[in-house]
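Before any comments, here is the structure.
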């Protein structure tokens, strides 16, 4: 969607001109899964599937929201003085949360807004539509109210909204990737220290194909919180002998020597995934920097196997996509991405083989699962921004 279309749609809905237009990307994580809430390393990119916005300031204290993705809900009106979570306010709880925490941080938002939203991230796909919306709202508020914010502070407010307003116990990776994204770069982030490096992403003759299971993944209702609790329990058991706060601090030799402290076989498997995935993510960064895409692909495959057997967050749909992808010509690697339990997988595919790949994987998936997957090419882009 371009800026003139955004402005046109805004005027159709609100009857006045927008002040500015905005874009906030989605994200995929190339490798480093379920490590972000375990103090580990991640390697995400911001992508051109994302959330568009148009907005204007109002003279009163009313917030009016409209989403083209939820047209049937019409314009949702919220008083600026009442930024509490209310179930009937549906998707607008995300912007309300961001505004609430911006105010709590001492920023003055002294009048209402009209905000038009259009997103082309498929709902429930696990490509971070909620984080994309959170960062979009932050950028809108920065621009309309002339607020000077460090981007990292905005990223943290997005996470705070997710955790403390919506009630989802997620890590910081999604908001970080979306807020800090850079053209043609992956972000190597240490979630323990929030130190990060931009890693140039030269895929040569290959593209990242996103494969959507089209099985919705409701993060708050999934086993995500259960996995997180298992990891936290494993840490507390290891603390009997080890001075650690997170699994991300462990190398595999140390973990292997002390894993006997963990009293449950499942918790050992969960912790083993995190420790090894952390090492794979560092190796993947080195492979990218060395231009070793074959090595990078092998690490993607190993990541999926670990998520399937040790972390147990894949399921029939994601496994069918990844396993079928591994068998195709021109594929360097494939894995699930995101929280799992549905959502998306990704594959690194030679660009001349993409059509054959989509046909073969799509056909096999439909045979096994009973309905078709969707495919998108992931184009890497910069972080949340003002368009005009």
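Cβ atoms are placed via backbone N, Cα and C, with glycine included.
Note that the structure is predicted; figures quoted are calculated from it, not measured.
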Listed co-binder of substrate (same site as 33, 34, 35, 36, source Swiss-Prot) among 188, 196, 224: 224
Recorded positions listed as 27, 34, least Cβ neighbours within 10 Å: 34
Surrounding CB atoms that lie within 10 Å of the CB of residue 162 (Mg(2+) binding site), all protein chains: 25
Sparsest-packed among the recorded positions, when each Cβ's other Cβ atoms within 10 Å are tallied, from 33, 36, 174: 36
Binding residues 33, 34, 35, 36, 224 (substrate) - maximum C-alpha distance in whole Å: 12
Those binding-site residues, out of 33, 34, 36, 162, 224, that come within 10 angstroms of residue 127 (ATP binding site) at the Cα: none
